[in-house]
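This report refers to the structure that appears directly beneath it.
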C-alpha cells in the first residue's frame, strides 16, 4: 500500500512542500528565515485574534481598551507585548531574509523575488495600521503625517486623503477602517506567502555557491525540519527575553499618552523598522519627491535582477561587491539612526548623504563592481 502522504490529494501537496521537497544539501542557516517568518506570521495572527476579542475600535475607548487588556484580561499583558514585539521580530527576520536574497543572488528567481517585494509592502502596510490602533499620541500623529503624504499626489491628492480619513481629519472613521484593514491583511499576506512558496518550488532553492544543485539534493524532512527547529528555538528565546524583560524597549513612550489632536509631540517618528525609509523621505525637501523616494527605497529591490552584471550568481566569491554590500548594510543602519533624530544640523546632511549613498550603491556601484570582477577574472 502506498503511503497516504504521497497519494491523498491534500496531504500530498504538504508532502511535496515540506517533507519530500528536494533541497540543496549545502544551504546555510541564512535559509532558516523563511520558516521563521512563517512562525512570526502565525504568532501575530494568533495574538492579534485574542487582542481583537477585547479591543474596541472607537476613539473614545480604544486607548482604555488596550489598558484594560493589559490590566484585567488573563495574560492580556503577555498577549499585547507578544503582538507588539512580534512585529519587531517579524521585521528583523524580513530584513535578514531580504539581505540574504541580495547577498546570494536569489533575486534571479524573478517571480519569487517580486512576490517577496509585494509581501514586504503588505507587511509594512499592516504594521503601520496596527501602530495606529492603540490610539496613543504617536499613533494619532503618525497616522496624520503618513496619510497626509498622499496629498502630494497631483490633482487627486487632497480628495484621496479625505477619502482615506473618512472625514477632514484622522478620527473615529479612520480608526475603525484601519482596524478592519489590520485584521484582514494578515490573511491576505498568508495567501501571498502561499504564492511566494509556489513560485519558489517551481525553481527550487538557491544555495550559497549559486551553482546548480540538481545533482545533489536531499529531502527537506528530516534534515531541514530539525535545522529550522534550532532557528525556531533561538528566535523564541530572543523573543521571550524581549517580551518578558524589555517589553517597551522598542516602543515610543509618547504612545502611553492618549491621542490629543491639540498637542503635537516634539518628534513624530514611526516604529524603528520604518526609520530608514522615513529618513529617506525627510531627506528630500519637496513633498512629492520625498514620497517618491520613500516608495522607491523599497521598489528599487525590483530592479536588482536587471542590475545583475556579474557572471557569478552570489557574492560569496566576489570581494569587491561584498565590500559594496556591507557598506550598504552600514548605510541602512545610519539611515535608521537618522530617522529617529530631530530635523536639524548635522542630522539633515547626514541623512541626505546616506540617502544618496543608498540609491548609488544599489543602482550604480554594485553593477559596476560586478563588471570589474568579470574583467579581473576574464569572464567577459
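Heads up, the Cβ atoms here are built off N, Cα and C, so glycines get one too.
Database features (Swiss-Prot):
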- 83, 182: heme b b562 binding site (BINDING)
- 97, 196: heme b b566 binding site (BINDING)
- 201: ubiquinone binding site (BINDING)
- 33-53: transmembrane segment (TRANSMEM)
- 77-98: transmembrane segment (TRANSMEM)
- 113-133: transmembrane segment (TRANSMEM)
- 178-198: transmembrane segment (TRANSMEM)
- 226-246: transmembrane segment (TRANSMEM)
- 288-308: transmembrane segment (TRANSMEM)
- 320-340: transmembrane segment (TRANSMEM)
- 347-367: transmembrane segment (TRANSMEM)
C-beta crowding around residue 196 (heme b b566 binding site), within 10 angstroms: 21
All-chain count of other Cβ atoms within 10 Å of residue 182 (heme b b562 binding site): 21
Listed in sequence order, residues with CB under 8 A of residue 97 (heme b b566 binding site) and six or more positions away: 33, 34, 37, 116
Chain residues in Cβ proximity to the transmembrane segment (178-198) (below 8 Å; excluding those fewer than six residues from its ends, i.e. six or more beyond): 17, 38, 41, 44-45, 48, 52, 55, 57, 112, 115-116, 118-119, 122-123, 125-126, 129-130, 132-133, 143
Non-local residues, at least 6 beyond the ends, that sit with Cβ under 8 Å of the transmembrane segment (33-53): 69, 79-80, 82-83, 86-87, 89-90, 93-94, 96-97, 100, 182-183, 186-187, 189-190, 193, 228, 231-232, 235
Fewest Cβ neighbours within 10 Å, where candidates are the binding-site residues 83, 201: 201
Rounded to the nearest Å - Cα separation of residue 182 (heme b b562 binding site) and residue 201 (ubiquinone binding site): 29
